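Student: Okay, handing you the structure first.
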Amino acid sequence: MPATRRTARVRRVAAVTVTALAAALLPPLAARADTPPAPPSDAKLAKTAARHDLTREQFYFSCRTLRQRGRRERPRRLTGTRLTTGYDPTDKGFYQGGDLKGLTEKLDYIKGLGTTSIWMAPIFKNQPVQGTGKDASAGYHGYWITDFTQVDPHFGTNKDLKNLISKAHAKGMKVFFDVITNHTADVVDYEEKSYDYLSKGAFPYLTKDGQPFDDADYADGERRFPRVDSGSFPRTPTVPTAKKNLKVPSWLNDPAMYHNRGDSTWAGESATYGDFNGLDDLWTERPEVVGGMEKIYQRWVEDFAIDGFRIDTVKHVDMEFWTQWATALDAYAAKKGRDDFFMFGEVYSADTSVTAPYVTQGRLDSTLDFPFQDAARAYASQGGSARKLAAVFGDDYKYTTDKANAYEQVTFLGNHDMGRIGTFLKQDAPEAGDAELLKKDRLANELMFLSRGNPVIYYGDEQGFTGAGGDKDARQPMFASRTADYLDDDQLGTDRTHAEAAYDTSAPLYRQISALAELRKANPALADGVQTERYAADGAGIYAFSRTDAKTGTEYVVAFNNAGTEPSAAFATGSAGMTFRGLYGTDATVKSGADSKVTVTVPARSAVVLKAAGRLAAPAAEPTISLHAPDPGATGTVELSADVAGGQLNRVVFAAQTGDGKWRTLGTADHAPYKVTHTVDADTPAGTALRYKAVVVDSAGRTASGRLHHRHPARRGGAHRRLPGPRGRPLQARRRELRRLGPVRLGRPRRREAHHLARHPPLHRPGRLRAFAYVKLKPGASTVGFLVIDKDGNKDVAADRTIDVTETGEVWIEQGEEQLVTERPEYPAQDTTKAVLHYKRADGNYDGWGLHVWGDAANPTDWAKPLQPVRTDPYGAVFEVPLTDGASSLSYMVHKGDEKDLPTDQAWTSRPTATRCGC
């Protein structure tokens with residue numbers, strides 16, 4: 001729905017505060033005089049499983065249901081126009097006609113790929129259509145839910161779903177739901193008719209009694225959540241009369257269950273508190289929401305025997321929610337006899353430091369492996385360096401917990417949001433022919449199937465589907481399409497178009513995927529055997545690792561080559577004098593030398609697998625271990641590592657204790673470098689003991705252990721506490737030289753308040769020509785004296801300034817002027833003729849980096865001649881893009897030659913529209 005911008009209705013509130021550091025996940029216990037619990041024995045730690053839950057799955061992701069049953073006509077359950085039903089098979093943004101019965105009929109087709117688990121896009125009842133005019137779109141994707149208890153009538157009934165699950169189970173396939181906890185359909189509106197995001201710092205939540213509070217202080221569920229009413233929110237929520245009871249369960253109809261802060265800007269705080277293009281963003285810090293979502297999905301576990309969940313928009317929900325929700329769902333599933341219940345989350349980031357905490361702290365079993373996807377595309381499609389793959393796998397230790405590790409990561413090459421692997425191949429090599437693209441596609445599949453993780457086939461990729469881009473352009477139906485935008489899409493390995501159904505089991509990619517699945521099934525080490533890196537070319541070329549079966553001691557050498565030539569590489573294996581015979585991609589036989597090295601040749605854009613003729617030799621020397629603790633005083637996610645000598649196929653189990661609390665198993669590392677992570681609370685009291693233990697176990701079952709500990713030192717500068725921000729209009733400082741602004745000293749001066757400058761509230765800088773600051777006032781305050789000073793303590797003006805807060809809670813001041821202005825001044829009009837993009841690189845090197853622009857750019861660029869920065873500033877490079885008259889969006893890509901800063905197209909829009917959320 002096109003958003004109409006509204007002006008915020010703001011209460012006058014004098015109390016103003018500053019946000020400090022946030023609390024971490026689990027508060028540690030301070031050291032006591034009592035004897036702390038003894039560490040677990042070596043034998044107990046040695047029994048810790050090296051693998052957990054699902055590590056040998058192969059997923060098939062169905063977004064639009066696979067088959068349209070009967071003739072091309074609307075489902076019988078729907079009546080009305082396309083804007084009422086959402087059904088229009090000629091429009092890619094509407095329902096096309098597939099349903100659960102059609103998917104059930106195609107189970108054998110799915111099984112033929114080697115599939116062990118079906119992941120279905122959300123099938124719960126949705127709001128059929130959102131938006132108007134050209135912005136109208138249907139909820140065919142399933143992410144605009146109104147009823148979390150019923151199957152959407154476009155897809156069928158709850159009975160149809162039970163039948164599908166039953167038949168899939170009978171064929172040996174699991175079924176996973178795609179679930180949402182972040183938001184619901186767009187039902188809640190705001191009285192102000194304004195949708196810009198309002199931050200917590202400027203507009204804190206208020207209790208029913210009008211006191212500001214920070215909801216994050218209550219998110220862990222340990223404290224009673226404050227009582228609130230309709231006046232507690234930055235935006236005043238309202239629900240149309242006709243929709244007051246639309247949502248199911250009924251608690252979802254309470255507007256107080258939502259954040260009510262306006263539309264997300266997709267960055268910073270708004271990424272977790274803002275509405276995604278108007279979708280109602282649930283207040284997941286509330287215990288009612290946590291408990292409500294637990295009950296919703298527990299019902300599906302119990303009544304439908306579902307095998308697991310793919311969880312949408314995980315990084316847009318607070319971490320405390322996941323810790324509680326995932327723990328509760330795991331416990332409930334186990335209670336129902338489902339010890340292998342598996343949950344993986346969508347954390348849309350190629351940075352392992354962003355994705356991994358949702359496993360280690362959020363307690364999910366896995367995440368969708370966006371870092372792998374990014375590196376796999378760079379290697380297989382763009383001919384990038386093997387070192388990028390090495391870096392991704394080198395971070396695998398970050399996912400290790402007592403119940404999970406990177407072998408459970410869910411790997412993929414493309415999806416319903418970013419686009420298909422076939423699309424990326426065509427984008428990365430626009431002049432390439434079908435044969436070359438098909439070869440690169442095969443290489444990408446080999447990389448995904450032969451490396452650690454659970455691979456996902458996005459429906460249609462096995463038939464060579466491509467597409468014009470992501471989102472709607474990546475959601476073609478498998479049955480014959482009537483959508484014009486799909487009919488001209490190429491399909492790799494065939495001359496077929498989307499005017500025909502695509503269920504060809506003889507298609508080249510279908511046959512390749514099926515063969516790779518058989519290879520993994522016959523050789524389980526290729527699915528979840530120990531993965532040890534052996535070689536990574538610095539540039540295009542060979543990437544190699546070993547996959548070793550810890551039970552049989554059999555080693556497999558796996559090598560890939562993304563170059564157009566046929567190079568060779570020499571690297572170590574686990575055995576000296578061992579013969580390795582070609583198993584896949586080659587008939588060659590190689591033998592390792594006395595130094596355990598082999599030389600392997602890999603054909604152009606291909607992969608090979610060689611299998612050892614015998615077991616690894618029994619270890620001669622017993623293992624020894626040396627443990628390395630995090631630096632004293634380190635907080636947050638810290639690393640614990642161990643050096644191991646001797647043994648063979650060693651694995652190291654780590655455990656930690658904070659204060660006098662229980663010992664916790666941190667997880668198992670099954671190859672060097674042996675590392676795990678530990679979360680240390682930022683508020684750990686000084687003097688708290690941090691104790692660590694690690695046990696190494698070799699292939700013969702022999703063990704050795706190491707222990708160490710240290711005391712947490714006092715924090716320099718004292719402790720910080722998260723404080724609530726203000727609600728109301730701030731003191732505004734209109735400045736000609738914002739960079740010179742320093743702290744603002746506010747409040748009635750008292751002789752004993754000899755504050756340091758660093759403790760004064762700094763000015764925040766939200767927009768053009770203004771900055772603002774807040775400070776909490778005493779109850780009953782009537783006047784506020786303040787100074788504006790720079791970093792050296794120099795005053796902005798000689799005289800003290802005073803605000804009469806009984807008259808106003810908002811004033812404007814200008815540099816060098818003593819006068820306070822109580823009426824909002826005129827601000828310079830925004831320049832609508834150009835877009836300004838600020839780009840920052842960690843290395844600070846912008847040589848060769850340019851901006852490719854299209855869409856509403858006045859002068860779209862050629863890829864070979866990108867727009868150059870007009871200047872650099874303390875943040876980074878600055879690009880200025882002239883826009884067309886009335887411009888509403890700009891598409892862009894930052895790149896250096898063929899190296900892209902991000903793998904997918906980026907876009908800016910002047911106003912959000914009601915397309916599906918970023919999930």
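The backbone N, Cα and C atoms fix where each Cβ goes, glycine too.
According to Swiss-Prot, the feature Ca(2+) binding site maps to Asn182, Asp281, His316. Annotation source Swiss-Prot lists active site, nucleophile at Asp312. Under the heading active site, proton donor, Swiss-Prot lists Glu346. Per Swiss-Prot, site 'Transition state stabilizer' is recorded for Asp417, and the stated evidence type is similarity to another entry. Look at Swiss-Prot and you will find 704-729 tagged as region 'Disordered'. The compositional bias 'Basic residues' feature in Swiss-Prot is assigned to 707-724.
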Student: For Asp281, Asp312, Glu346, Asp417, listed as recorded positions, tell me which one has the smallest number of other Cβ atoms within 10 Å.
Tutor: Asp417
Student: Taking the Cβ of His316 (Ca(2+) binding site) as centre, how many other Cβ atoms lie within 10 Å?
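Tutor: Other Cβ atoms found within 10 Å: 25.
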Student: Tell me the Cα distance separating Asp312 (active site, nucleophile) from Asn182 (Ca(2+) binding site), rounded to the nearest angstrom.
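Tutor: So the Cα of Asp312 (active site, nucleophile) lies 8 Å away from that of Asn182 (Ca(2+) binding site).
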Student: Cα-Cα separation of Asp281 (Ca(2+) binding site) and Asp312 (active site, nucleophile), in Å?
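Tutor: That separation, Cα to Cα, works out to 13 Å.
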Student: May I ask for the distance between Asp417 (site 'Transition state stabilizer') and His316 (Ca(2+) binding site), taken between their Cα atoms and rounded to an integer number of Å?
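Tutor: If we compare the Cα positions of Asp417 (site 'Transition state stabilizer') and His316 (Ca(2+) binding site), the gap is 16 Å.
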Student: Let me check the 10 A CB neighbour count of Asn182 (Ca(2+) binding site). How many other CB atoms are there?
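Tutor: Summing over all protein chains shown, Asn182 (Ca(2+) binding site) has 23 other Cβ atoms within 10 Å.
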Student: I want to verify one value. Collapsing DSSP to three states, which class is the residue listed as 'active site, proton donor'?
Tutor: coil
Student: Expressed to the nearest Å, what is the distance separating His316 (Ca(2+) binding site) and the residue listed as 'active site, proton donor' at their Cα atoms?
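Tutor: One finds 10 Å between the Cα atoms of these residues.
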Student: Taking only the Cα atoms, work out how far the residue listed as 'active site, proton donor' lies from Asp312 (active site, nucleophile), in Å, as a whole number.
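Tutor: Just about 5 Å between their Cα atoms.
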Student: Tell me whether Asp281 (Ca(2+) binding site) sits in a helix, a strand or coil according to DSSP.
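Tutor: Looking at the DSSP assignment, Asp281 (Ca(2+) binding site) belongs to a strand.
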